[in-house]
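In TrEMBL this protein carries:
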type	residues	note
DOMAIN	A:19-184	domain 'Cytochrome c assembly protein'
TRANSMEM	A:21-44	transmembrane segment
TRANSMEM	A:56-84	transmembrane segment
TRANSMEM	A:91-115	transmembrane segment
TRANSMEM	A:127-146	transmembrane segment
TRANSMEM	A:158-177	transmembrane segment
TRANSMEM	A:201-222	transmembrane segment
Amino acid sequence: MWQFFHKLGSPKWFYGIANRFMPWLFWLGLALLLGGLVWGLAFAPKDYLQGNSYRIIFIHVPSAFLAQSVYVMMAVAGVVTLVWRMKLADLFVKAAAPVGAVLTFLALFTGAVWGKPTWGTWWIWDARLTSMLILLFLYLGVVFLGSAISDEKSSARAVAVLVLVGVVNIPIIKYSVEWWNTLHQPATFKLTEKPSMPAEMWVPLLLSVLGLYLLFGWLACLRMQTEILIRERRTRWVKDFVSTGGH
Amino acid sequence: MAFDSLQAFWLMDGHGPYVWTCYGVFLAGLVGLALWSRHRRKVVIREQQRQLARDRQDQGESTPAAAATFSRIHPS
């Protein structure tokens, strides 16, 4: 166990292990995502209330779901950074933040375009939409704070603190549709209940959520590798790795 | 297929522009992220290869230069 923990802290070990997992994450994720999207776009039945505009759900829910769970992962990594000073945890936060920002933007954008034919408006300042916008600003804050502080250690700590302060926003997003009156519909998936949609709708949705999860894993590995190469550039193994072609 | 024809698939009863805009932006965002992230790693590796080559060159030049400074002096 301790040996594993020690290894996990080693950027060199992580680089190799990531290389081994990345093709799997990429191809499996791509297949699941594309399968889910094609199924949802062309084969899932039309919604009796919203018509075909509901097909946006197959990209809106995965983006929003990932946007929130990436933030939770970053918060866990933030705790690890502060308590154990593990370099890899900080690398993860820095690698994941821009991806999270893009996912949050996509959730907001697809939500706005979905809102127009369904609610009659692109945007309202209600609890769910506003708290998602705050999530976007939190992600951008993490990206800019991380790049503004050049000292590695203080940058890691400052970013971790910011991520942890922002984590209160996550339960607000999650419960906003229950606590406040909002235009937004309640959650599609709940752990405790059967989905309220037929299987031909929720199975493709589940596929695209899983696919996007795996693709996020691939992106995170790739971006962490880049960060590792930059930070460890003076070490023997990076020099050897780079001079033998970098593959 | 939930649609009768390709045209019905494209129009989606008038919701086509909304649905297709969303899918387009979503895919563009993901592809953009993937290409940008791959490109960044490539650039970093290339930059470090260049740096290593420069270091090696510096060492290669400095060795003979250092050797030339050893000139024998004969104090009388």
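Here the Cβ of each residue, glycine as well, is placed from N, Cα and C on the backbone.
TrEMBL entries are annotated by machine, without manual review.
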Intrachain residues whose Cβ lies under 8 Å of the transmembrane segment (A:158-177), provided they are six or more past its termini: 68, 71-72, 74-75, 77-79, 81-82, 90, 93-94, 126-128, 131-132, 134-135, 138, 141-142, 145-146, 149, 184-187
Long-range Cβ neighbours of the transmembrane segment (A:201-222) (under 8 Å; 6 or more residues past either end): 18, 21-22, 25-26, 28-37, 39-40, 43-45, 47, 57-59, 61-63, 65-66, 69-70, 92, 95-96, 99, 103, 188-189, 195
Contacting positions for the transmembrane segment (A:21-44) when only residues 6+ beyond its ends and CB under 8 Å are counted: 55, 57-59, 62, 200-201, 203-218, 221-222
Remote residues contacting the transmembrane segment (A:127-146) - C-beta distance under 8 A, at least 6 residues beyond either end: 64, 67-68, 71, 74, 93-94, 97-98, 100-101, 104-105, 107-108, 111, 155, 158-159, 162-163, 166, 169-170, 172-173, 176-177, 179-180, 182, 184
Local confidence of the prediction over the domain 'Cytochrome c assembly protein' (A:19-184), expressed as mean pLDDT: 91
